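Below: the structure, in structure tokens.
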Amino acid sequence: MTVATGDPADEAAALPGHPQDTYDPEADHECCERVVINISGLRFETQLKTLAQFPETLLGDPKKRMRYFDPLRNEYFFDRNRPSFDAILYYYQSGGRLRRPVNVPLDIFSEEIRFYELGEEAMEMFREDEGYIKEEERPLPENEFQRQVWLLFEYPESSGPARIIAIVSVMVILISIVSFCLETLPIFRDENEDMHGSGVTFHTYSNSTIGYQQSTSFTDPFFIVETLCIIWFSFEFLVRFFACPSKAGFFTNIMNIIDIVAIIPYFITLGTELAEKPEDAQQGQQAMSLAILRVIRLVRVFRIFKLSRHSKGLQILGQTLKASMRELGLLIFFLFIGVILFSSAVYFAEADERESQFPSIPDAFWWAVVSMTTVGYGDMVPTTIGGKIVGSLCAIAGVLTIALPVPVIVSNFNYFYHRETEGEEQAQYLQVTSCPKIPSSPDLKKSRSASTISKSDYMEIQEGVNNSNEDFREENLKTANCTLANTNYVNITKMLTDV
């Protein structure tokens with residue numbers, strides 16, 4: 001008995017789920033075709049359908065990867081980092097999971113992601129896995145005049161006049177802080193003590209004389225300096241407010257809140273002193289107004305935080321503290337537990353001592369805090385053996401408690417510091433290597449008219465301009481590769497089908 005062998009196409013048509021009019025054996029064979037990728041001498045093999053999962057990437061787009069095809073060896077050659085390609089190929093094989101190899105630095109792997117054009121989504125996923133904190137976008141005003149004024153006062157590195165304004169602002173802040181400190185010197189208070197004719201009075205509380213300039217003398221040098229500083233602070237604040245892109249977001253910025261805190265005490269103090277009536281002294285209200293004015297004037301010391309607007313170091317420190325709030329909270333919580341435990345222990349250990357310096361547990365809180373932070377003032381010391389043992393354990397526990405979150409805080413500081421320095425270096429490099437016709441680029445014009453900008457966006461704009469020249473060279477390289485393939489006639493069929 002003889003059984004005739006049918007055509008494979010007929011057998012495929014007879015199978016359920018494979019209609020004859022939709023099944024294409026050549027297309028299935030093409031998708032399962034192997035591709036050889038040579039990374040600096042290390043060969044990788046995969047299938048075309050694996051790369052085709054991400055057609056927008058360098059390896060997934062046949063036209064893009066054709067520039068790197070070597071017809072002599074019938075493979076794609078990339079002179080790139082070899083250890084990184086394990087993770088790049090796994091990205092295609094796993095359907096989008098990106099994991100950095102342990103032996104590959106962060107900056108090198110980031111460059112490989114950009115080279116293989118895995119996209120912004122893959123880059124953001126990689127940064128999140130590595131613990132990167134996304135840089136927030138900084139909005140810009142849509143009006144051209146407001147944008148120029150905003151850049152002038154908010155971005156000192158944007159132009160020469162902006163740097164001059166920043167220098168003037170820093171000088172005014174320093175003068176204000178120095179004046180705030182100098183006016184408390186005894187020599188100036190002694191001089192003011194003789195100025196009864198100009199409205200300066202001294203008040204006595206609990207047998208102690210407190211010198212305070214109750215009524216501000218408008219000829220006093222410190223008042224004149226303070227007034228000039230407030231005029232500059234107010235002018236700067238109002239200009240920023242009218243030029244800001246978002247009035248609601250303006251008051252949520254911590255730096256603007258510091259500006260308000262630096263200005264308000266002057267006007268409250270001035271208004272209180274001008275509104276004070278002479279008969280208030282007989283009503284006993286001067287003591288209350290003096291205490292209120294002292295608290296308000298104390299707020300002036302917060303002007304020193306205005307320097308953080310012009311200091312990268314203070315900004316990095318603030319970002320570090322903000323990112324380390326969880327660790328700082330744990331540190332305070334551990335210290336709180338330790339203070340309760342050791343203050344209770346030292347109180348009961350010293351309870352039988354007549355000359356004990358720990359009359360109660362709350363009184364021992366101060367000793368526990370000083371001991372756990374290894375300060376050790378010595379104003380309160382245990383005298384019994386049990387108390388000394390508790391003190392030793394308190395100091396050791398304090399050292400261990402404080403040392404635990406320190407590495408995390410230091411790591412956050414290093415991250416923000418390196419991100420800032422690398423961003424400045426990359427921005428300087430892009431400015432040097434960028435083409436001179438950048439202002440005429442349509443992409444750049446479009447970006448400049450946008451409502452938001454960030455440091456990463458600025459770098460992408462510059463990279464896009466630089467890539468325009470690279471695309472021209474790549475097209476020439478592609479033409480050269482095709483010419484070489486036609487000349488050598490090596491596997492020309494595979495090369496054309498791959499395209």
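Every residue, even glycine, has its Cβ placed from backbone N, Cα and C.
In Swiss-Prot this protein carries:
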{"type": "CARBOHYD", "residues": "N207", "note": "N-linked glycosylation site"}
{"type": "INTRAMEM", "residues": "362-373", "note": "intramembrane segment"}
{"type": "INTRAMEM", "residues": "374-381", "note": "intramembrane segment"}
{"type": "MOD_RES", "residues": "S434", "note": "phosphoserine"}
{"type": "MOD_RES", "residues": "S440", "note": "phosphoserine"}
{"type": "MOD_RES", "residues": "S441", "note": "phosphoserine"}
{"type": "MOD_RES", "residues": "S449", "note": "phosphoserine"}
{"type": "MOD_RES", "residues": "S468", "note": "phosphoserine"}
{"type": "REGION", "residues": "312-325", "note": "region 'S4-S5 linker'"}
{"type": "MOTIF", "residues": "374-379", "note": "motif 'Selectivity filter'"}
{"type": "SITE", "residues": "T252", "note": "site 'Important for normal, slow channel gating'"}
{"type": "TRANSMEM", "residues": "161-182", "note": "transmembrane segment"}
{"type": "TRANSMEM", "residues": "222-243", "note": "transmembrane segment"}
{"type": "TRANSMEM", "residues": "255-275", "note": "transmembrane segment"}
{"type": "TRANSMEM", "residues": "290-310", "note": "transmembrane segment"}
{"type": "TRANSMEM", "residues": "326-347", "note": "transmembrane segment"}
{"type": "TRANSMEM", "residues": "389-417", "note": "transmembrane segment"}
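Within its own chain, the transmembrane segment (389-417) is flanked in space by residues 131-133, 316-317, 319-320, 323-324, 327-328, 330-331, 334-335, 338, 342, 345-346, 349, 368, 371-374, 376, 381-382, which lie at least six positions past its ends and keep a Cβ under 8 Å from the stretch.
With a threshold of 8 Å between CB atoms, the same-chain residues lying at least 6 positions outside the intramembrane segment (362-373) that come near it are 335, 338-339, 342-344, 346-347, 380, 391, 394-395, 397-398, 401-402. Following the DSSP three-state reduction, the secondary structure of T252 (site 'Important for normal, slow channel gating') is coil.
Here the intramembrane segment (374-381) has Cβ contacts under 8 Å with residues 357-358, 363-364, 366-367, 391, 395, 398-399 of the same chain, all six or more residues outside its ends. Long-range Cβ contacts of T252 (site 'Important for normal, slow channel gating') within its own chain (separation 6+, distance under 8 Å) are none.
Broken down with DSSP, the motif 'Selectivity filter' (374-379) shows 0 helix, 0 strand, 6 coil. Between the transmembrane segment (290-310) and the transmembrane segment (326-347), fewer than three CB pairs separated by 6 or more residues in sequence fall under 8 Å, so the two stretches do not touch. Counting residues 6+ beyond its ends, the transmembrane segment (326-347) has Cβ neighbours under 8 Å at 358, 360-362, 364-365, 367-369, 371-373, 382, 387, 390-391, 393-394, 397-398, 401-402, 404-405, 408-409 in the same chain.
Residue counts for the region 'S4-S5 linker' (312-325) under DSSP, helix first, then strand, then coil, are 13 helix, 0 strand, 1 coil.
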